Each structure stands twice: as C-alpha cells, then as structure tokens.
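*Asks:* Take this structure first; my questions come after.
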C-alpha cells in the first residue's frame with residue numbers, strides 16, 4: 001500500500017496504480033480511505049457518457065420535478081441528453097421515448113408532443129418504422145407531408161449506415177477498426193452532429209486510445225469551433241490519456257485560441273508537467289508550447305510580461321536539468337533549442353545582444369561546439385543583429401572547434417572575408433583554414449588506416465573461426481555417416497548437385513517438375529543383399545542404440561518374408577532417409593497410410609545394425625504404388641525423401657523411369673542467383689506480373705536446402721520471353737537474377753554406367769600412354785586446319801558455353817600443306 005501511495009505521489013496519472021490501490025483498500029475494508037481513493041481517481045479519469053448513464057440521470061432527475069422549477073430542470077436535462085446521445089443510432093431512441101412519456105405524463109400541450117415526434121423522425125435511428133406507425137396512430141389529422149419527407153430522408157441515411165452498424169454488432173470489443181471506418185464515412189458525409197456522435201460512441205469503448213482523441217479534438221478545432229464543446233473534449237482527452245504530450249499541447253493551444261484567462265492556461269500547464277510523460281523530449285515540447293504562449297502575451301514595451309517570460313525560460317532550463325535529467329538520465333534537449341529561442345528573442349525583440357551571446361556561450365559549452373550547424377546558427381544571429389567583429393570571432397572559433405563539416409565552415413569564413421575583411425584578415429583566414437584542413441586530412445587518413453587494419457583483423461578472425469567450424473563440421477559428419485555408398489553420393493551431390501540442368505545427374509520427369517530419386521538408387525533387395533558388407537565404423541551414428549533396441553524388441557520383417565512373397569510391382573523404393581531416423585518402419589507406415597494398406601516396410605541395415613537410409617515399402621494393392629509415387633520429395637523429419645518404382649535392374653538393365661529433354665523449352669524459364677531465403681510464393685508474385693504461371697520448382701539439394709535455382713513454366717512462349725526480357729538482371733533482396741529460356745543439356749554419361757561411377761564420373765580421366773603416363777595435350781596440327789564451331793549456338797542452362805575447334809576436311813595435297821606451313 002505504501003508503495004502504491006508513493007507511486008501516485010510521483011505520477012498522479014498512473015491509471016493502473018489507482019486501480020491496484022482501490023482493489024487493495026477493498027480487500028482490507030478501509031471504507032473511508034476507499035471512498036477518498038475513488039474520488040481522487042474520478043477527478044483524474046472521467047466516466048464515459050453513454051446513453052445508459054444519461055437515461056439513469058434523467059430518471060433520477062424526474063424524482064425532483066415537484067420542487068420549484070423542477071419540471072423545467074428535467075426538460076433541460078432531457079435536452080442535454082438528446083444533444084449528447086440522441087443521435088446514437090442503436091440506443092438513442094430510448095432517450096426520445098422517455099422524453100415523450102414524460103411529456104404525456106404531464107398532460108403537456110399536444111404541440112410539444114408533436115414536436116418531439118417530428119424531431120425524432122428526422123433522425124436516422126433503429127426501428128424508425130415503429131415510431132412512424134406510432135405517430136400515425138397518435139396524430140388525429142395524419143402525418144404531415146413535411147414530416148413524411150424528413151422521415152424518408154432519415155430512412156435513406158439509415159440504409160447507408162446499416163453496414164457499419166452491423167459490423168459493430170458482430171465484432172468484438174473494442175471494435176476500433178470498425179469505428180475508424182464508420183468515422184471516415186461520416187466525415188465524408190459532412191454532418192457535424194453525426195460525426196460528433198460517432199466519435200463519442202467510439203471513445204466510449206476506446207477511451208484510452210490517444211490517436212482517437214487527437215483525431216476528435218482536431219476535428220472540433222477545425223470544423224465546429226464551439227468553445228464549450230471544444231474545451232470539454234480537450235479536457236476529457238487529457239484526463240483519459242494524460243501520458244500523451246500531444247493532447248496537452250493541443251489543449252493549451254485551444255485554451256489560448258478561445259481566450260481562456262491566463263491563470264487557467266497556467267493551471268493546465270502545471271498539470272501537464274505532473275502528467276508523467278514517457279520520454280524526456282515530451283517535456284521539452286510542452287515547455288516550448290508554454291513559452292510560445294507566454295511570448296505571444298508579451299508587449300515588449302512593458303516589462304512585467306517580459307520578466308515573466310524570462311523567468312519561465314530560466315525555470316524551464318532548471319526543470320530540464322534537474323527533474324527531467326534525474327528521471328531519464330538526459331535533458332531531452334541536446335541541441336538546446338529552448339536556449340536558442342531565448343537568444344533570438346533577446347536579440348530580435350529586446351535588442352540585447354549581450355544576453356544572446358551569453359546564452360550561445362552556454363550552448364557551446366554543452367557539447368555543441370563540434371557541430372558546424374550550431375556555429376552557423378550563431379553566426380547568422382550575429383550577422384542579423386550583431387556586428388562584423390563578432391561575426392569574424394564566431395567563424396574563427398567555428399574553424400577551430402568544428403569536427404563534422406570543417407570544409408563548410410572554412411568556406412563561410414573565406415566568403416565572409418571576401419566581402420567584409422581587409423588583406424590582413426584575408427591572410428589570417430587563409431592560414432587558419434589551411435592549417436585546419438591539413439590537420440583534418442591527416443586525422444582522416446589515420447582513421448582510414450586504423451579502420452582498414454581493424455577490418456583485416458576481423459576478416460582474419462572470421463577466417464580462423466570459419467576454418468575451425470568447418471573442421472568441426474567435417475569431423476561431426478565423418479562420425480555420423482555410415483556406409484561408403486552414402487558417403488560417395490554425398491560428395492558427388494556436393495560437387496554437382498541434383499539440378500536437372502547439370503551434366504552429371506538429372507532428376508526424373510520429362511518436364512523437370514515433381515521429379516524424384518536418382519537412377520542409381522533404384523534397386524531391389526536382391527541387388528543389395530548380395531553385396532559385401534561395408535567395413536565396421538569406429539564410431540556409432542546417432543540413433544544407433546535406439547535402432548538396436550527396436551530390433552531387439554521385434555524381429556525385422558524382411559527376414560520373415562520369403563522372396564516369393566515380395567512383389568516388386570506392389571512396392572516402392574524409398575531413399576535419402578536420415579541415418580539417425582528413429583523407428584523408420586513406424587514412421588514410413590504412418591507416412592504412406594493414406595496411399596493404401598501397407599503390407600510391409602523393409603528398412604535396410606548394415607551388418608552392425610545401423611540404418612542405411614533407404615528401405616522398401618510393399619502394399620497390398622498395386623494401385624497404391626501410383627499414389628505413393630506422388631509423395632516423392634515430401635519431407636520426413638525435415639528431410640526430403642525419394643520415392644521410386646521398385647525394379648530389379650539386374651533383370652531390366654535398360655529400364656528407365658525418366659526421360660530427358662534435349663530441346664529448348666520455350667515456354668519455361670530458368671532462374672539463377674536467387675537468395676536462399678526465397679520462397680515459392682515470393683517467386684510466384686514476382687513472375688506472375690509477366691504472364692500466367694503454371695508451375696514453379698525450387699531446386700534443393702539432398703538435405704532439402706535451397707540452391708538458388710528455379711524453373712518457372714508459363715502458359716505460352718510469348719509470356720516466357722516477356723519474363724526473360726523484364727526480369728533478367730533485376731534485383732531481389734540484393735541478389736542479381738539471371739533469367740533465360742530453359743535449355744536442358746544433353747546427358748553426357750553413359751546410361752548403363754556402373755553405380756561405382758558416382759565419384760569417378762565427376763572428372764575426365766587422362767588417356768594413358770604406353771608407360772602409363774598421360775600423352776601430351778599439344779596439338780601438332782596447324783591452326784589453319786581448325787575451325788570454330790557455330791558461335792551462335794545457345795548455351796545450355798547450368799553450363800558454360802565455350803567454342804570448340806573441329807578439324808577441317810583433311811583432303812589436302814602435300815603442296816597445299818607445305819604452303820600453309822610456310823605462310824607468314
């Protein structure tokens with residue numbers, strides 16, 4: 001409790017602190033202190049005036065209508081309620097009905113009741129039809145034509161507003177977005193009364209939103225300009241959102257604009273200083289607003305207001321130095337704007353340059369002497385209201401002290417001496433500026449050298465760290481990998497990748513979209529179990545023990561199923577699985593259960609029981625195989641898997657599940673240089689600007705990481721050509737894109753090469769001579785016998801196009817050959 005009281009003494013506008021104190025006093029049962037706490041909070045934070053509160057108020061006031069003047073007092077309260085909430089589209093009708101019932105109860109004149117009906121029917125309110133029918137039954141002579149006309153106009157307005165009202169009904173509090181849209185609509189319609197009521201409705205549910213209050217008060221200041229209404233809104237704004245400096249600043253301006261007395265403005269300003277702003281610059285701005293108000297009050301022919309202004313300037317500097325700096329560890333006025341304004345007022349209005357110079361000396365001692373703009377501001381003041389001697393002195397000090405833009409200050413000094421100075425002054429200025437600029441250049445060279453040295457040290461440290469990380473990563477990969485085959489495949493992938501445009505490996509699928517496993521991994525169990533087991537590894541891969549535990553708990557099914565029961569045509573081959581995958585059988589059963597009934601999952605293990613990263617999945621129905629193949633490249637534990645048909649390549653050596661296109665695909669484009677963070681959606685948004693995108697594929701490596709390449713298929717050739725013209729060389733996230741028509745390269749390795757070619761095929765072997773050494777690569781034919789290939793041949797995607805030489809027809813005579821050799 002003491003902590004809450006102390007917090008309120010520091011910041012009386014702490015809303016949460018007030019709420020916590022009231023809850024605490026309720027729990028302790030201290031009624032007297034609870035009543036005082038509630039009263040204090042109600043003085044600072046007003047209750048929102050809604051239709052319900054006004055209805056309660058008028059019903060309460062009816063109880064005192066028997067007193068002298070009571071009836072007129074009740075009518076006055078009803079009129080105030082109609083002004084405040086009578087236009088409320090959903091709840092305003094209750095106030096009108098209560099007013100009519102009150103007049104009927106008094107047996108008032110019929111004309112008064114007629115007037116209430118006519119006023120209500122001119123306002124768009126919910127259930128207007130019932131009010132109109134009631135008036136038609138009540139009026140003996142029927143509804144006048146003028147009332148009917150007003151009623152129809154109100155109905156039209158109601159239809160316009162119904163979508164906004166329905167949006168408010170279905171939305172959840174505080175409904176700020178819906179109210180903003182409603183406010184914008186009413187402001188376009190231009191009815192000030194309706195704009196005011198929708199603002200009030202919005203603020204009833206969003207009273208702690210400063211932007212809404214600022215928008216409301218700004219509208220009142222510029223449109224209605226009614227003193228009581230404007231000042232009341234400003235007062236409620238600062239009471240609901242006291243921490244917002246802009247609302248206090250607008251309140252002070254509104255008070256001055258409507259001619260409030262000086263004491264009222266001063267009291268509001270003092271409340272603003274105690275409001276508890278959240279940053280130091282807010283206090284600087286509120287002081288500037290108050291000082292501007294005081295300056296406008298001063299008649300510089302009289303001294304009383306001027307003395308008050310000077311005292312306010314002095315107080316503001318002390319306040320920022322003590323109170324604000326103690327709270328925020330800074331004054332909030334680093335450029336000393338308040339002192340600059342004070343100095344200019346002294347120079348312009350009071351003709352007191354001595355005071356202005358004293359203020360500028362104080363400004364420079366607060367860390368501003370190194371900034372050129374501060375010295376130039378002082379120089380302009382001396383130029384306007386001082387003399388040439390003080391201008392020269394200010395510029396010489398500026399050249400001496402400025403560190404951010406010394407060249408500019410030196411130019412100003414030299415230009416000043418060209419106009420004002422003598423030869424001695426000019427020589428002194430030239431000598432001073434040259435000395436300053438030489439010293440600055442030396443400092444800049446030293447700083448640049450130090451920066452380069454620091455950058456080199458950082459690069460060296462980065463290289464050392466990267467080398468250590470790479471070494472640790474290689475060591476970790478070596479410990480985790482099992483099997484020579486997977487190791488060879490990973491090294492091959494690292495060198496060539498798996499892009500269908502590279503020469504050594506192509507993905508399945510004629511179009512290159514949705515392609516799956518590589519040809520080398522499409523084998524059956526008969527081809528795998530007949531091979532020699534790899535040598536045992538020194539370290540166990542992750543998940544090794546868990547795989548062994550799973551094997552000990554349940555026997556492996558591949559040993560239980562006979563070869564006759566295994567059907568390749570009902571099976572798929574699954575590869576690229578993680579070596580440390582836990583329970584591969586269970587996870588693949590779950591993964592393929594949507595394709596059909598899984599009869600068996602046969603993971604392949606080494607002789608030591610480690611999972612080899614591939615397995616066979618056999619279904620009960622052959623139709624499930626086609627569904628399973630559609631899951632190719634889907635992820636299992638964050639790694640894409642390859643799903644291929646299960647074919648015994650020993651029996652079908654010529655079987656291929658994919659074909660390669662060697663012709664140009666003019667409706668498709670190849671994009672390289674993409675950022676690794678590029679998603680399919682981002683690329684689609686970029687490409688669809690040039691035509692209809694049919695398909696997109698982002699190229700990834702075996703671990704699922706992007707490679708910065710992609711293929712985009714358009715509806716026709718024209719759209720693809722347009723995309724190449726517009727997109728090639730453009731930037732995407734600071735990456736330069738290269739875009740070309742898709743031109744897949746031809747396959748450069750034999751289709752029937754052995755699986756062991758994975759490493760060997762990556763490089764061309766040198767032809768061997770008689771003693772095993774490479775033959776010379778120097779051609780003994782003259783250059784004239786060579787001709788270059790067609791230079792206009794199109795480069796294949798992912799390859800470097802280079803002209804190659806071919807030998808001309810060798811049907812030349814000995815004399816022709818001799819002439820070519822002797823030709824100069």
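Yeah, the Cβs are placed from backbone N, Cα and C, and that goes for glycine too.
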*Asks:* Between the candidate ranges 750-780, 781-811, where does TrEMBL place the region 'Disordered' annotation?
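*Replies:* In TrEMBL, residues 781-811 carry the label region 'Disordered'.
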*Asks:* What is the three-state DSSP composition of the domain 'RRM' (570-648), stated as helix, strand and coil residue counts?
*Replies:* 17 helix, 30 strand, 32 coil
*Asks:* In the predicted model, what is the mean pLDDT computed over the domain 'RRM' (570-648)?
*Replies:* 86
*Asks:* Where DSSP helix means H, G or I and strand means E or B, what are the helix, strand and coil counts for the compositional bias 'Basic and acidic residues' (451-461)?
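*Replies:* Grouping H, G, I as helix and E, B as strand yields 11 helix, 0 strand, 0 coil.
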*Asks:* With DSSP as the yardstick, break the compositional bias 'Basic residues' (462-478) down into helix, strand and coil residue counts.
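*Replies:* Looking at the compositional bias 'Basic residues' (462-478) with DSSP, the answer is 17 helix, 0 strand, 0 coil.
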